[in-house]
Amino acid sequence: LMKALPNNFRPTCILFLFPPPPQPEPIRVVVTGAAGQIAYSLLYSIAKGDVFGKDQPIILVLLDIPPMLPVLDGVVMELQDCALPLLREVIPTDKVEVGFKDLDAAILVGSMPRKEGMERKDLLKANVAIFKTQGAALDKYAKKTVKVLVVGNPANTNCLIASKSAPSIPKENFSCLTRLDHNRASSQVAMRCGVSSDKVKNVIIWGNHSSTQYPDVHHAKVNVHGSETPAYDAVKDETWLRGDFISTVQQRGAAVIKARKLSSAMSAAKAICDHMRDIWFGTKEGEFISMGVYAAGNSYGIPEDLIYSFPVEIKNKTWKMVDGLPINDFSRAKMDATAAELVEERDTAMDFLSQ
């Protein structure tokens, strides 16, 4: 280029034009129970790029039961009308062979809800059938690298059944949602200390996503006026932390239902986004979050054949349990109580699974 210019030409700059880098290939993400209210709060954030990245194209698969297909058609129209550049295709379906084909991520929101008068064992029996089918479909049709998040309750045991029904997919690829409880706990501490929720880190939800869960702030930190302070010192109210704080987080879902006559949807969708984004991009240095994960190899004395909520750090799409945290007698009793409930759920579910 310079040789072709006159000798007396002195350019002030030369502009080199390079083609833009190629966009990544689209990933396939399924959301089950896609006609429900949680999914309605969730799908826009996924399709917009808030979860898997602002430059990651997405093929969004919406799976639900046959009676909900007309509703799914309306959801598809709305997603199309959002004109989202990352959303390459939306596939509504009631067939697992379509819904679980070549998946990169599966968000299993749909489950059998507990109805009035239903015994817990009946709820477990219905959900074992659902998650056995979905686990088998993941095993047959999805990528072996698929990351599976179970949201539908009872989430821990549903997740265990799905993982057992998908033996060719690593158990480490399955997790269940306790991030909503984690966020609730962080928010309660933040409000008590008069700071924003991002100033609270390293709260822990131990155990089951149920009223036996144990929200633990013995290892949490609160940033007060630029200085990180142990949560117990920042709150300055041990009675509240060991009493009303725990019961508020444990019963928050029921309180929402009582107030709005519907279960948590907006906050559940936000927690799903937080959970999957951390799987995709990792946790911040020095921070851990709560996830229901396979308990094998844990250092806390929790029975190993469970999906139990632990503190985890995530890097390169792989979670690692935070080991060696000191556990006092108060915490030990709470952790064991929620583990006992999970063992009972597991044993009941496994009886149904073997039938």
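Cβ coordinates come from backbone N, Cα and C, glycine included.
Those TrEMBL annotations? Automatic predictions, nothing curated.
The average pLDDT computed over the domain 'Lactate/malate dehydrogenase N-terminal' (28-174) stands at 95. Residues or ranges marked as domain 'Lactate/malate dehydrogenase N-terminal' by TrEMBL: 28-174.
Long-range Cβ neighbours of Gly152 (NAD(+) binding site) (same chain, at least 6 residues apart, Cβ-Cβ under 8 Å): Thr32, Gly33, Leu108, Val109, Gly110, Ser111, Met112, Asn127, Ile130, Phe131, Asn158. According to TrEMBL, the feature NAD(+) binding site maps to Asp64, Asn127, Val151, Gly152, Asn153.
What TrEMBL records for Arg114, Arg120, Asn153, Arg184 is substrate binding site. Counting every protein chain shown, 12 other Cβ atoms lie within 10 Å of the Cβ of Arg120 (substrate binding site).
Positions annotated as domain 'Lactate/malate dehydrogenase C-terminal' by TrEMBL: 178-352.
All protein chains shown were included, and the count of other CB atoms within 10 Å of the CB of His209 (active site, proton acceptor) stands at 29. The feature active site, proton acceptor is assigned by TrEMBL to His209.
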When distances run from the Cα of Val151 (NAD(+) binding site) to each of the recorded positions Arg114, Arg120, Arg184, His209, the nearest one: His209
Binding-site residues: Arg114, Arg184 - member with fewest neighbouring CB atoms within 10 Å: Arg114
DSSP-assigned states of the domain 'Lactate/malate dehydrogenase N-terminal' (28-174) in counts, ordered helix, strand, coil: 67 helix, 27 strand, 53 coil
Top Cα neighbour of His209 (active site, proton acceptor) in the set of binding-site residues Asp64, Arg114, Arg120, Asn153, Arg184: Asn153
Closest of Arg114, Arg120, Arg184 to Asn153 (NAD(+) binding site), Cα positions, binding-site residues only: Arg114
